[in-house]
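Peer 1: Sharing the record's features from Swiss-Prot:
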- 39-148: domain 'tRNA-binding' (DOMAIN)
- 401-476: domain 'B5' (DOMAIN)
- 454, 460, 463, 464: Mg(2+) binding site (BINDING)
- 701-794: domain 'FDX-ACB' (DOMAIN)
């Protein structure tokens, strides 16, 4: 928001300079983005009157004038401005004046005619970019008065960033309140006496959507001169706030908007059919806006309509049909309070952002409408003339926001600020902020002012007290904390340790959104129910993820589209699963997931290009699982997952509980997601693994190890992992290592069977094993395999 410093000082004028004022506003939480002078540096420019204006004898586009600047004689000045005319009050740079850019005015001759000064435009004085003509001053401007003094050009524009919670500061009065509070200075409330109705004309107003529009005020003003010029003082105030003057009626509503922060609108009363109806739009209803664009409305959009059609989008933009134009004689002034939720998002939907929508979305003072409509009526009558009717008030007190009553405890105040502020100061600060305060025993009950709807809870009052007291006035205190040794369980496995291992294996950690595309998620988890967001960032981010795969696979596609074909990434994060037994109906599980694709190794002259396969990912995952000490209890079982290849995937079980999946992405899913080549994924429920088994130290055997190899033939559907597990179980005291080193299918092995070559490492910690003992242990393993898997030794 941009405003004039002098306009602010009309409301409150603390005895501090511009720099101190800007710093004070920033420290109050309204960050000042810039302070700029409203005009360039110049002197010697005074008010003059064009007494004579004749055509230059030697130039078609020049005029020869005689100008009275209040001196002993008239000045001869040559001027080329098209609006120069006799009787016009102008800004005259006399001989010796210095204009912006260090341009000194001297006596000269232009096409043979003497010129003793310059009739200035706004651009020549560095006031604005308007160079279309010379400045036209009011007829009552006193001759010879310094133009800087007359136009009050020793002023600055201050631009501030207003945070969403401080919508009350989107008007001069709101900033003035804060400055008054900070300086303990009086706020000069402007006289806004009610305008007495001189006519009885009204217009029927019906509010059908009372929740969206709790208060709607209207007032008929008849017989106005819409072509009356806007006073220069008002134009200047608007300009210094970044608002262009349009016509007197629009300028008045903009002036009230900037001064009080209350948006207003003026309708051409004669174009309203029947009366005003505040209602929700009909689905697909259209309205042509003031800028000529056509908006197609949704049923959740609030509109101002007459008895037959929509006239404008409430709180956002007026309509062209009922807009004020050069022929307007009678207007209806509108001043309303709209519920912020009924306005939020509607402007963006139509590609609009107006000063009105900016304020209504954040909220305006629900008690301000009477003051604003009286102020606008008085200004309109003073400028355009006419007669005003009575105020038409349609209010629903039940739906208007209520003032919050908040209890501030001394203990909470001291604890959060870390400094004791005297009771009298606290009470004084709250009252200066506009609160109605009742003092109690070590507490205050404060009723928030109507313009501060951001005051809702105790912490809000703590913030306000600290802000007004001054953050710089709170002494620095060194932080004191007791050094309490935290407890550490040996069984706790840090997720950071797992991440470090994956980093060491060439994986990169990524963080993806918890919001995913529901269509993509349905491809990965067909038929699964997901939590849908009522107000998503976009349609593609409207569902909460059921697994980390949605984000990871999208990341793979993103990288592949940028010629990064070798990808190794992992992520840890929450998934959100609807569960009626969980708190709030949503179960949140911490997951660990990873994806690999592309070549096994980076390109190298001494390495063959080999694409990653199931066992690459399984090996990396087993290394992670080994950190938990539970690898021996992990089983990979063939189990269907719609997102994975049925022949190259497995469910991961910890004892008898499934904790995740691993496998190659299903070819059909791969095609639909535009994945380039084989992609492998895994996902685990981390909390099932975080409590690791503490390793038990044991003596390393000093005796020699013995290796024996066996080849067993088993059915094709028997997992090799089960064979190895059985061998370990049978030879628990002596078999210290079991390894599968070959798988054979073909000649000598029947169809539907496979030959597994297994090495058994046997060793004892107390003695050297005899050959008979070794043979007996191997025989026990073979016998166990025959009994459980119908295995046979291969010849």
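Each Cβ is built from the backbone N, Cα and C atoms, and glycine gets one as well.
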Peer 1: Which residues, sitting 6 or more apart from residue 460 (Mg(2+) binding site) on the same chain, put a CB under 8 Å from its CB?
Peer 2: 406, 454
Peer 1: So around the Mg(2+) site, 454, 460, 463, 464 aside, which residues have their CB within 8 A of the centroid of those CB atoms?
Peer 2: 165, 452, 455, 459, 461, 462, 467
Peer 1: Highest Cβ count within 10 Å among the binding-site residues 454, 463, 464: which residue is it?
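Peer 2: Ranked by Cβ atoms within 10 Å, first place goes to 464.
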Peer 1: Quick one: DSSP breakdown of the domain 'tRNA-binding' (39-148) into helix, strand and coil?
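Peer 2: The domain 'tRNA-binding' (39-148) comes out at 5 helix, 50 strand, 55 coil.
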Peer 1: What is the three-state DSSP composition of the domain 'FDX-ACB' (701-794), stated as helix, strand and coil residue counts?
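Peer 2: Reading the DSSP string over the domain 'FDX-ACB' (701-794) gives 30 helix, 32 strand, 32 coil.
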Peer 1: When DSSP is mapped onto helix/strand/coil, what comes out for residue 454 (Mg(2+) binding site)?
Peer 2: coil
Peer 1: DSSP on the domain 'B5' (401-476): how many residues come out helix, how many strand, how many coil?
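Peer 2: Taking each residue of the domain 'B5' (401-476) in turn, the totals are 33 helix, 15 strand, 28 coil.
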Peer 1: Looking only at the domain 'B5' (401-476), report the model's average pLDDT.
Peer 2: 93
